Amino acid sequence: MYSAITLGRPVRCRRFSGDRCTKPIKSEPAKFKVPSRSLQLPKGNCSGSVSSTGYFLGFGLRNGLSLVSGFVLRSRVGVSSNDAQFGSFNEDKDVEAPSRFEFITSERVKVVAMLALALALCNADRVVMSVAIVPLSLSHGWSRSFAGIVQAGSSFLWGYFVSPIAGGALVDYYGGKMVMAWGVALWSLATFLTPWAAETSLWALLSMRALLGVAEGVALPCMNNMVARWFPPTERARAVGIAMAGFQLGSAIGLMLSPILMCRAGILGPFVIFGLSGFLWVLVWISAISSTPDQNPQISKYELEYVLKERQEPLVVEKVPRTTVIPPFRRLLSKMPTWSLIVANAMHSWGFFVILSWMPIYFNSVYHVELRQAAWFSAVPWSVMAVMGYFGGLWSDGLIRGGTSITFTRKMMQSIGFIGPGIALIGLTSARSASVASAWLTLAVGLKSFSHSGFLVNLQEIAPQYSGVLHGMSNTAGTLAAIVGTVGAGFFVELVGSFQGFLLLTSVLYFMAALFYILFSTGKRVNFEETSSAE
C-alpha cells in the first residue's frame, strides 16, 4: 500500500553522459511513493497537501547551502539480501536526490565519518614525531639532517613508500573494510610502542617508524575504495572533503595535544593515547561498518536504491569475479591521465610533508618561537584546511549538478589547490613576524585542500575498478617526492642556511604541476582494457 507525497525539489543531476550532467532533476513537483506503514498521522482533520499516510515538513536546506521547499521523512526499511542485489530495482524508475537531512542521517555518512576518524588518527600518529623530534634531538645530540632522516628518510616514509601499491591492489581485491581495519591496528601498535623503541635503540625506533609507514600506506586507497562503493558521482567530492577534513584535523590535534601530553606524561604520553584510540576505532569499525551498501543490514531501501542507481556504473569488483590480485600496471601507465594523477599526488605530498615536518622547526628557528607555541602556529592552518576542503567539495558537487563537466571541475579545483599555495609560499618567505607567517601558511594550506576535489576524487572517476591501485601508484610517487622534499629540506638548510630558498623552490614546483594536470587530466572513464598506440 503506497501513498503519494508532492513537493518541490532543487535542481540536481540524475544521469551522466561521459562527464556531463545530461538529465537534471527538474524543479517541478515530483511524486514520491512512501510505504503506508512508514508514517502515520493522528486521526482527525489535518490541513495540507499530504494524504493520511504521509507527513510533509516544509523546511530544509537547498544543496546544503540555501533554503529548499522541504524534505520527506522516510522510515528505515530493512532490505533483504535479495532486494540488495544489483539489478533488483527497476532501471526505468527515477530516484530523487536526498535532502540535506536525509544525507546527514544516512548510512553512507556514517561510513565517511568513520573514515574521517581513521584518517584523523593516521595523521595525528604521524605528527607526534614532528613535535617529539625536538626533545629527542636535544637528548641524543642529533643534527637537523639526521632529524629529517628519523622523521622520513630511513623510517616512516620508506615504509610508506613500500605499501601503497600492494595495499591498493589488496583493497581493490578484498575491499576497503578489512584492509583498513588491519592498517589501523598495525599503525596503532607501532605508535604505542614507539617511545619504548626510542629508549631501546635507534634501530628499534626506525623499525617502529617504518611499520607505521607501511600500515598507513593503505589508508587513502581504502578511503577512495569505500567512497567509490558508497557514494554517487554528485556526492563524492563532498564525501572526500569530509574524510580529508578528518585527515587535516588529525594534524591539528596531534600538533596541539602532543606538547601538552609530553609536558604532563613525558614523551610516551601522546604515543600511548593515540595508539589506544586506534585500537578502539578498529573495534567499532569491524562491528558497525559494511564493505558495500548491499551488505549493510541497517540501510533503508530508499538509500540503497539511490546509491545503486545514481552511481555511473557498478563496480567491477562487485559485478565480475576477479581472478587475480595483480592489476594491469602496464596498461595503467600507458595513459596520460594516470600520469597526471601521479604528478599531482607527488606535488601534493611534497608540499604536505615539507610543511607538516618542518613548520614547527621553521617557527622555532626563524621566529624564535618556543616549541609549544610553534606547534600551535603550525596547527591552525590544518584546522582551516579541514573546513575549506569540505566547502571545496560542496562547491565541486554543486558545479557538476549544475551541468559543468567533471573534467573542467576537476581541473579548476586542482588549479586552485596548486597555484594558490604556490603564491602563498612566496608571501611566506617575506613575512617579518610569526603571526604574518602563520597567516600566509594558513592561506597556503587552506587553498591546498582544493586538491581533494581535484586529483583525489579524479582517481575514482577514470577507473573505479582500479581506484585502489591507482591511488597506491600515485601515493608511491608522492612518498618518493615527500622523502626527497623532507630530507632535502634539512640538507638544503644546512648548506644554504635559510628556509626561504626551499620554499621558493616548492612554489615553482607547484606551478609546474598545475600546468601538467591541466594539460593531461580528464574526468571521463578511461579504457584501460587496451593500450593505445597513440600513447
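Cβ coordinates are placed from backbone N, Cα and C, and glycine is handled just like the others.
Automatic prediction, not curation, is the source of TrEMBL annotations.
What TrEMBL says about this one:
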DOMAIN    111-525  domain 'Major facilitator superfamily (MFS) profile'
TRANSMEM  111-134  transmembrane segment
TRANSMEM  146-167  transmembrane segment
TRANSMEM  179-198  transmembrane segment
TRANSMEM  204-227  transmembrane segment
TRANSMEM  239-261  transmembrane segment
TRANSMEM  267-286  transmembrane segment
TRANSMEM  339-359  transmembrane segment
TRANSMEM  379-400  transmembrane segment
TRANSMEM  412-431  transmembrane segment
TRANSMEM  469-493  transmembrane segment
TRANSMEM  499-520  transmembrane segment
Taking the transmembrane segment (379-400) as reference, the highest number of CB pairs under 8 angstroms among 204-227, 239-261, 267-286, 412-431, 499-520 goes to 239-261
Long-range CB partners for the transmembrane segment (239-261) (under 8 A, at least six residues beyond its ends), listed in sequence order, are 108-109, 112-113, 115-128, 130-132, 223-224, 227, 230-231, 269-270, 273-274, 356, 360, 371-372, 375-376, 378-380, 382-383, 385-387, 389-394, 445, 449, 452-453, 456-457
Is the count of Cβ pairs under 8 Å between the transmembrane segment (469-493) and the transmembrane segment (499-520), pairs 6 or more apart in sequence, 3 or more?
yes
In the same chain, residues at least 6 away from the ends of the transmembrane segment (204-227) whose Cβ sits under 8 Å of its Cβ atoms read 111-112, 115, 118-119, 122, 125-126, 129, 150-151, 154-164, 167-168, 170-172, 175-177, 179-180, 182-187, 189-191, 193-194, 197-198, 236, 239-240, 243, 291, 456, 459-460, 467-469, 471-472, 475, 479
Same-chain residues at least 6 beyond the ends of the transmembrane segment (499-520) with a Cβ under 8 Å from one of its Cβ atoms are 336-337, 339-340, 343-344, 346-347, 350-351, 354, 358, 362, 365-366, 411, 414-415, 418-419, 421-423, 425-426, 428-429, 454-455, 485, 488-489, 492-493
If one takes Cβ-Cβ under 8 Å and requires six or more residues beyond its ends, the residues near the transmembrane segment (339-359) are 126-127, 130, 148, 151-152, 157, 251, 333, 374, 377-378, 381, 414, 417-418, 421, 441, 444-445, 448, 451, 454-455, 458-459, 462, 470-471, 473-475, 477-482, 484-486, 489-490, 499, 502, 506, 509-510, 513, 516-517, 519-521
